[in-house]
Structures are given as structure tokens and as C-alpha cells.
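K.L.:
Sharing the record's features from TrEMBL:
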type: ACT_SITE; residues: Asp42; note: active site, proton acceptor
type: ACT_SITE; residues: His70; note: active site, proton donor
type: ACT_SITE; residues: Lys154; note: active site
type: BINDING; residues: 41-47, 69-71, Arg317, 343-345, 425-427; note: GTP binding site
type: BINDING; residues: Asp42, Gly69; note: Mg(2+) binding site
type: BINDING; residues: Asp42, Glu43, Gly44, Lys45, Asn67, Ala68, Gly69, His70, Thr143, Arg157, Asn236, Thr251, Arg315; note: IMP binding site
type: BINDING; residues: Val311, Thr312, Thr313, Gly314, Arg315, Lys316, Arg317; note: substrate binding site
type: REGION; residues: 1-26; note: region 'Disordered'
Amino acid sequence: MSLTWSAKDHKNANQSAATGQKRSRNDAGNKVTVVLGAQWGDEGKGKVVDLLATEADFVCRCQGGNNAGHTVVVDGKEYDFHLLPSGIINPKSVSLIGKGLKGWEKRLIVSDRAHLVFDFHQVVDGLQETERQAQEGKNIGTTKKGIGPAYSSKASRTGLRVCDLLGDFKDFSARFKNLVRQYQSMYPSLTVDVEDQLKKLKEYSERLRPMVRDGVYYMYEALHGPPKKILVEGANAALLDIDFGTYPFVTSSNCTVGGACTGLGIPPLNIGDVFGVAKAYTTRVGIGAFPTEQLNAVGELLQTRGHEVGVTTGRKRRCGWLDLVIVRYAHMINGFTAIALTKLDILDVLDEIKVGVAYKLNGKRIPHFPANMDVLQKVEVEYETFPGWKTDTSAARKWNDLPAKAQNYIRFIENHIGVPIKWVGVGKSRECMIQMF
Ligand code: GDP
Ligand code: IMO
Ligand code: MG
């Protein structure tokens, strides 16, 4: 459950005092730009954040945890981020040593209200999956990073936060032991070396202490101080959202736009651009309905050409055609101001390309995205078919470099969602991104 920031210069934000003055709605302060996944994750959010972060003062994570896996390629080097904001690579202020990042501790802020994910939460994640499999014949296919159990602890008000870890350690230890006992009563096979865990946690607390701030006040200062560019990097994605995703095959946090407000403690008025990231096709890791999935040669081609393997778990991602019903649904919730369409280059070799444009139930189009997973399993997808461009697009750097058939494909998507496409991705690296406006 992360609430972390990487800041180029967090000193300024701390130095200017909160004025306490009344502000009008027109004087709401700086706006944050939010980058969110519009499908089932792995759309390329990390790459979009990295691109925007070159100009940002702050990059924030507001939900989820190390269940996220964001790959960013800079100067031919590949970085995999799980918990740290992808914006922590910043060529102007960071020296790179191999794959390590130097000096990141000085540029990382952690909110004191962030919940802690313990080792036993991860073990419990695994035990719950085994139990689901035994009881229901299927599980969720979680990342086993303990995210679900940690959010459960938060909701049942027994969770422990960074502020507790840095407070009275005796009190923290007592609450930790209590939490362990609670889980052990639910899962008798769970063994926890409490003393060893507490020893480690004590050590971590000292490493963490210099990075910890009051998150709400820190954001307030950032929003109301001198002009700042603030970026929020969403983890996971709309269809994995605990409230709006394909429940119960979802993660445990709000990965839609509301998560930026509740996770960072910022007012809705301070939300500026909301960029949705969508792949030019669809992928999904783990179990659950996937109406446009292609369990055939097309799916295999997308999987291999797109290197669709989970960064966090190493699992092959399931692949299928672009589903505009889900992207439109994500837009209904998030109100995207623009879209980044990634991985167009993966479609370069296809003879024809399909796009899901509507769902039908019993032969009739339905206008909404079904809440019930049995219904979603049954929908029939209506497709629009486009001729493939059969041209390598990976060297394209501007709109005019793209073949006309690829341009048609992009324009169709834009019109169908009703949101402008601002970027088109044609490769892994930072420069492989066509900016449209
Ligand atoms: P995230 O979780 O949304 O940040 O996405 P991931 O990093 O898990 O997965 C996206 C993968 O696609 C990464 O390996 C990226 O390097 C890669 N990628 C992103 N954009 C493009 C693109 O436009 N073309 C190609 N070929 N790869 C891309
Ligand atoms: P990024 O940020 C893809 C999926 C898992 C599983 C379900 C629940 O890289 O896009 P969890 O461990 O969160 O309880 O797992 O959600 N999932 C993701 N799939 N990308 C992600 O993150 C994901 N985060 C969670 O595969 O199906
Ligand atoms: Mg990912």
C-alpha cells in the first residue's frame, strides 16, 4: 500500500509555510497530472510516466504496492519498478550505476499514513489462494505480494502504518503480535518468527525514518507553494479496481482516479489532466473474464511479439484484440483528458486487425459494462475489422511517418472512445513515442 513520492527537490515544498488563507475555487493551487491504466494492467504506464517525469518535480504513487511491475527503458537499459515511482529515473539529477540508482534515498518521501505490508501478509496471500483453489476449484491468480491481506488489515482496522512503526516501538510490537495472532487463528498453519520480524522491522524503521513525512501536509505544501509539476503514477488498472473492476478477479485498491485523492489526501479540484494508458490490443494476467481473448495463433503472436510476460510474477499474459468497451468504461469512471496508445508496433505484421466495439447479450447490444462476471463471460463481442498495414512502424517519430492504415486504426479508436490520443507508442524506449499534440 504505497504512498511514496520521488521528488527532484522536496526542500522547496517543505520550506514554504502553509498560509492558512482562504482560497477561492479559482485559486486551488497546482494541478496534478494522473496517469492511469485503462485495461487490466501492463499498458505501459511506467513508460508514459518516465516520459512525463523528465519535466516533473514530483512523481507520486498513491495505491497498490509491489504487485505493480513497470518496465522503463532508458538509454538501452531496462529498469523494473515495483514499488518506487518510475519517475525516480531522472537523467538530469541521477547517476546510474549499472542497474542500481544512486542517491534515491534522498529523493524518496514516504507518507506516515502508508500501511505496512508484512512478510506474513505475503504468506497469507499464498494460503488464501490455495484455499480458494481447494474450495472453489479456482483462485484469483494474485501476485502473492500480500496486497489483498494488507488491505484487509487496513479495512478491519488492525493494520499498522509507517507512523506506528516510527512511534513507540513497544506499542508497535504489541500490536504486531496481536495482528499475527489474529491471522494465526484464521490460518493455523501460519508460522511467524515474531522476534526475528520485529528485529528486522526495527532496523527498517531507522532506514525509513529520514524519508518519512506527514503526507497530507507535504502534498498541501507542494500544491500551494510555487508552481510545481506533480505527476501521479497509477498502479494496476481500471478493470482491476476493487470497486469498478471485474470483481472478484481484481486487486484490492482503487486504481481509478478517486484513488489519487484518497491515496494522497488531495482535493478533487487539484486533479488536472488524467491520462489513460491503453495498449493497441488487450492483455490480462491471472484469472477472470476476458471477452476479446484470442486462444489461437493471433493470441500467441501478440504474446510473443509483445513479450507479454508479467514483470512481477513471470507469468505469460493472456492476449486478445483491443476491447473498446472496456476502455470506454474506464473513461466513464476516470474522465480521461487524453489517451496514450502503446505497443502499436506489435500489430505491424498482422494481415487484419480486429477491435471489439460492443457487447451483445442474447443478440441485443448492451450499453453498459456488466457488473456480474457470469454475464461478462457470456457476452458476444461485436468487432470492427481493419486491414493490417504490414509495415515496420518502430522508426516512426511523428504522425506522418505512420502508414495511412495505421493512422485510420488510431483515428477510429480516438473517435470511438471520444478522447484524443496524445501519444502513440511504437517501441520500448523513451524516444519511441509519437506525440500528436
Ligand atoms: P505498466 O505496468 O503499465 O507500467 O506496463 P509494463 O511495464 O508492465 O508492461 C509494458 C511493457 O511494454 C514493458 O515491457 C514496456 O517496456 C513495453 N512497452 C511500452 N510501450 C511500448 C511500445 O509502444 N512498444 C513496445 N514494443 N513495447 C512497449
Ligand atoms: P501493473 O501496475 C497486471 C492482477 C493479478 C491478479 C489480480 C490480483 O504492472 O499494471 P493482487 O496481487 O493485486 O492481489 O492480484 O490483479 N494484477 C495485475 N495484473 N498488472 C498489474 O500491475 C497488476 N496488479 C495486480 O495478476 O489477477
Ligand atoms: Mg506492469
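Using the three backbone atoms N, Cα and C, a Cβ is placed for every residue, glycine included.
A TrEMBL annotation is a machine prediction, not a hand-curated record.
For each feature listed, report its degree of burial, its nearest neighbours and the pertinent distances within the displayed model.
P.N.:
A coil conformation is recorded for Asp42 (active site, proton acceptor) in the three-state DSSP classification, outside any helix or strand.
His70 (active site, proton donor) falls within a strand segment according to DSSP.
Lys154 (active site) carries a helical DSSP state (H, G or I).
Counting every protein chain shown, the number of other Cβ atoms lying within 10 Å of the Cβ of Arg317 (substrate binding site) is 20.
Around Gly69 (Mg(2+) binding site), the C-beta neighbours below 8 angstroms that are at least 6 residues distant in the chain are Asp42, Asp80, Phe81, His82, Gly310, Val311, Thr312.
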K.L.:
What same-chain residues, at least 6 away in sequence, bring their CB to under 8 Å of the CB of Arg315 (IMP binding site)?
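P.N.:
Once residues fewer than 6 apart are set aside, Arg315 (IMP binding site) is near Gly141, Val285, Gly286, Val309.
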K.L.:
Among the binding-site residues Gly69, Thr71, Val311, which have a Cβ atom lying under 6 Å from any atom of ligand 3?
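P.N.:
With ligand 3 as the reference and 6 Å as the Cβ limit, the list reads Gly69, Val311.
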K.L.:
Between Lys47 (GTP binding site) and His70 (active site, proton donor), find the distance joining the two CA atoms and give it rounded to the nearest Å.
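P.N.:
Spelling it out, the Cα of Lys47 (GTP binding site) and the Cα of His70 (active site, proton donor) are 8 Å apart.
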K.L.:
Under 6 Å from ligand 2 by C-beta, which of these binding-site residues make it: Lys47, Thr71, Thr313, Lys316? Sequence order, please.
P.N.:
none
K.L.:
Let me know the most crowded of the binding-site residues, choosing from Asn67, Thr71, Asn236, Thr312, Thr313 and counting other Cβ atoms within 10 Å.
P.N.:
Asn236
K.L.:
Quick one: what's DSSP say for Thr312 (substrate binding site), helix, strand or coil?
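P.N.:
SS state of Thr312 (substrate binding site) = coil.
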